[in-house]
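Below: the structure, in structure tokens.
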Amino acid sequence: MISLSLKKIALITNGTLYGADLLINEIVIDTKKIIPGCLFIALIGRKFDAHIFIHDALKKKCAAFVTQKNIKPHVPYIIVENTSIALGQIAGWVRKKTKAKILAITGSCGKTSVKEMTASILRKNGNTISTIDNLNNNIGVPMTLLQLKQEHKYGVIELGASKPGEIAYTSNISQPDIILINNIHCAHLQGFKSLLGVSKAKSEIFSGLKPNSTVIINLDSHHFSQWKKDIKNSNILFFSIKKKKYSNFFCSNIKIHIHGTSFTMHTPCGKINISLPFLGYQNISNALAASAFSFALKIPLKKIKIGLLDTPIVSKRLESIILEPNKILIDDTYNSNVSSMISAIKVLERMPGYKILVTGDMAELGENSMMYHQMIGNTANSSAINKIFSIGDMSSEITKIFNNGKHFLNKKKLSEYLKNVFLKKKKITILVKGSRSTKMEKVVEDLIKESKKKC
């Protein structure tokens, strides 16, 4: 991070400094990550208060603290009204002191994948930081921005939310030069109430956008008309898998196979053949988004192609695992909502052999959760999937609708049954999916263990 003094931090946060002034080169919020000489910010959440860890931080030679309480440690400290807000204020100051181009991403699905693709491309052209994992909330975004140094050329920041107001806050801290709303789908409906609520929350990203900046819009998500007033002074780039006529970036010659996807990408600078180490149409869309981001920064198409190919596979997101010859496991257990479930079905039906979807509940869908699960059952009936196994309160609605489904009450019985099917079939593809809370990765782990027994 950019070094700053405790006096400066007190000024930025409207806090009061007690003790000597020091130069700070590292800020931490987790005592497990403390290094000698760092500043520890004691955050307070709904279920925790980091002030109780200050004694531990002192033992590890923390140099100073930002607190909400007059704890009087034997080192300098700053008292502020709200430590979480103070963290954001410091991060916002650091962001303003760098010349890095900041790219901000939000949307219902694919944020992390687009972030990884974009960062992979930009690293071919200069020093780049990006959101670690999916730490995209009011704490994760400031912690990412604090990594910025003068030598950084780009920052790729993921902005997530589970309720209104959160993205407006992180966007204003980030002050992005280029933004993307990747898509709008039925996700986190408990917090946003409706699809319109999701759209309004994601559009909060415009609040921090600089004048005459660039906005990237997915024309396959039908909410552009609601955002026109927010982006009238911005440059706009459009991408789409379906709407070639109006798009700056679109694709043709799509081929999906067990190891990834290939297609021809059409851009304002011509067309180029692209290969991705990822499965699924949604990752084609994500690649178009990442390419539009990079194009806005004048990155050549050849570097975009190489960056996309070199993107690391994101764990538990349509991750293809060859267990045995002709036996494929697709781990898509990171999360689940209506759109990503439909995408998973489309991927599975293109895979070889006997096709089984194993699903847990899609969480946070609000009062219409049953209807959405039934909709997935109907979608699966129109696909080439052979079998669905479900577990969870709501996922039983999927197997009730699907013509060849079986519901389980616990993961142990599900895993045992699935292992038997796996052993009997000579050619099979199994896709496992569920919301984070369902912990469907346990089913994946059991299948991998079973496969290793045979080796």
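In case you wondered, yes, glycine gets a Cβ from its N, Cα and C as well.
Pulled from Swiss-Prot, these are the features on record:
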type    : residues                                 : note
BINDING : G107, S108, C109, G110, K111, T112, S113 : ATP binding site
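Everything Swiss-Prot records as a feature, shown here on the structure.
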residue: G107; record: ATP binding site; Cβ contacts under 8 Å, 6 or more apart: V114, L180, I181, N182, N183, I184, K202, N218, S221
residue: G110; record: ATP binding site; Cβ contacts under 8 Å, 6 or more apart: N182, N183, Q282, N283, S285, N286, A289
residue: K111; record: ATP binding site; Cβ contacts under 8 Å, 6 or more apart: I105, N134, N136, E158, L159, G160, N182
residue: T112; record: ATP binding site; Cβ contacts under 8 Å, 6 or more apart: T131, D133, N134, E158, V314, R317
residue: S113; record: ATP binding site; Cβ contacts under 8 Å, 6 or more apart: F278, Q282, N283, N286, V314, R317
Task: C-beta crowding around S108 (ATP binding site), within 10 angstroms - done: 25
Task: Residues close to ATP site centre defined by G107, S108, C109, G110, K111, T112, S113, Cβ within 8 Å - done: I105, V114, N182, N183, N286
- [ ] Measure the Cβ-based neighbour count of C109 (ATP binding site), defined as the other Cβ atoms within 10 Å of its Cβ.
- [x] 23
Open item on the list: Can you tell me whether DSSP puts G110 (ATP binding site) in helix, strand or coil?
Closed with: coil
